[in-house]
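To start, the structure itself, in structure tokens.
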Amino acid sequence: MLKYDVIVIGGGHAGVEAAAASARLGVPTLLITLKPENLGEMSCNPAIGGIAKGTLVKEIDALDGLMGYVIDQAGIHYKMLNETRGPAVWGPRAQADRKLYKKAMYQILTNYPNLDILYGKVEDIEIKSSKIEAVILNNGSKILCQKIILTTGTFLSGLIHIGQKKIPAGRVDEEPSYGLSNTLKQIGFKLARLKTGTPPRIDGRTIDYSKTILQPGDKIPRPFSELTNIVNVSQINCFITKTTSETHDIIRENLDKSAMYSGQIEGIGPRYCPSIEDKIVRFSTKSEHRIFLEPEGLDDYTIYPNGISTSLPEDVQHKLIKTIPGLENVKVLRPGYAIEYDYVDPREISVTLETKKIAGLYLAGQINGTTGYEEAAGQGIIAGINAALAVKDQAPFMLTRANSYIGVMIDDLTTFGTIEPYRMFTSRSEYRLSLRADNSDLRLTELGMNIGVVSEKRKKIFTKKCEDIEKIKSLLNTLSLTTSKLAKMGIQVAQDGTYKTVLDLFKIPNFNVEQAIKIFPMLKETQNKNILQLLYIEAKYASYLTRQHADINLFQSEEAQFIPKNIDYFKIPSISLEIQEKLSSHKPTTIGVARRIPGITPAAITAIIIYLKTKYSDGSST
């Protein structure tokens, strides 16, 4: 009988990261997927990154994950979103060649040490004494294991809706999983339904691009991965068009035929990625909505019209598309659809992503109520790391709100749960100026090195970068000019007769890296503009970052105040029954987590701290 230490069920974005992370830690790992050729399949939009999402990708890369490196092998349109705003909200994004992305992912995983890939379908999980024993395949065979990571995406009782038509599926042409849904229910997990959707795909050869707006990418693509020096994939343009009043009229006239508005769909859809029906209803005063025409590949004429996700009947989809400028004669290749699926209340898992009910069972991705490739991948890598560390009897690896967007996401999910698809935003992070995309490796790679999940190649690159940062920082502190010379160059500084270093100049409004290179040409020789940009940001926002670091220190002190598992909140007389019930239900692990539970007052937190000091002053906390 086959036996593995860790088995990952599902080969989507969460699954591939989980399997690779577990394998990197030297643990024999099996990835079970319906179609190995679809590893890392982009079920919806063929793009990686975006605002907040791009930071997640950089954090995954910092821990030696796959997503950033793979998109650099397949990215055909790179663009830094929000670049005209502050660096805390910059969002690296890349449109992908769908085929190249899957090909690169397949090549990496099929040659990954300690990782086997099995074509198959898991029907059940064998559990004994609340511990994982094995997985059972649909052919009746059993594979023994210590840990299981469930990354089922939209496959748990998945149901596609196109108008009134219902199609049981995990995605187009792939059957859903009912067995695992039943298993989770039998274990006692709280399952609910969520919904997501995708737009129709159209033939780019039938688009009149003269009626659209050109959207070029960045002139020089900025790679996601620290392992990538230059993006060598050909770059192409995207285009923008918009809906019209006629489009809106057709949608309004047919709302009763939409699966969303006919009452056919029970699941709640993503608030921040609404269907075109939702947009017309919720934003009824808007006369138009933008649509981004995004190519799906270099040698693929399929276009993804980002912005018109729909569950309307096929004939209505055809009608509304032809009212859009440039799409009057377009050929529809595949209809859009909505898909419903089961998910588990994420408050049923801990911050390691292990379930509280079953030891050795981990959940990652859409099964936890999230939406998006990047959110799934971020959970996958943490689940994979922790499953492998548990096999090795090592301490768990936990990211926090203070050091990563991944930590913010996991804390949000495990503390508050979610009743709608959870998407990451910069606004969810209270420390976003410190948690930027450009410093992800400086925040996380050393943590990854400490637990052994980072390769030797990445270690060398990271070590070299840290050395370069110190050298360039020293140079910036050395290069200087008098205020009078700077004034002659048109740079407005106080004429106090002092010398100003480059780091001083970075703090001046409207002064940037390009100006510094112009004044001090030797900075060109640093050969790393990314480091200059990093040091520029750190200098420019130094006072804000100092204050934020003080806030982070306070946060970390509260996170270090652990709450014993056996605490009885009903024995703390100075807090209300309502708060006692909330705390008993949530079971916060630290004072910091307790403070973030809605409705928990500062007075209650003080009461808990005092109680812990008196009750557990001998250090006993089990």
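The backbone N, Cα and C atoms fix where each Cβ goes, glycine too.
Record features (Swiss-Prot):
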BINDING   Gly10, Gly11, Gly12, His13, Ala14, Gly15, Val122, Ser177, Gln366  FAD binding site
BINDING   269-283  NAD(+) binding site
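Annotated features, which come from Swiss-Prot, shown on the structure.
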residue : record              : Cβ within 10 Å
Gly12   : FAD binding site    : 29
Ala14   : FAD binding site    : 34
Arg271  : NAD(+) binding site : 13
Cys273  : NAD(+) binding site : 18
Ser275  : NAD(+) binding site : 27
Glu277  : NAD(+) binding site : 25
Lys279  : NAD(+) binding site : 18
Val281  : NAD(+) binding site : 16
Phe283  : NAD(+) binding site : 11
Gln366  : FAD binding site    : 29
Rounded distance in angstrom between the Cα atoms of Arg271 (NAD(+) binding site) and Gln366 (FAD binding site): 15
Neighbour count (Cβ, 10 Å) for Gly10 (FAD binding site): 31
Rounded to the nearest Å - Cα separation of Glu277 (NAD(+) binding site) and Ala14 (FAD binding site): 29
Number of other Cβ atoms within 10 Å of the Cβ of Gly269 (NAD(+) binding site) across all protein chains: 22
Whole-number Å value of the largest CA-CA distance among Gly10, Gly11, Gly12, His13, Ala14, Gly15, Val122, Ser177, Gln366, listed as FAD-binding: 18
Between Val281 (NAD(+) binding site) and Gly12 (FAD binding site): CA-CA distance (Å): 33
Lys279 (NAD(+) binding site) and Val122 (FAD binding site), Cα-Cα, nearest whole angstrom: 38
Gln366 (FAD binding site) and Val281 (NAD(+) binding site), Cα-Cα, nearest whole angstrom: 26
DSSP three-state assignment for Cys273 (NAD(+) binding site): coil
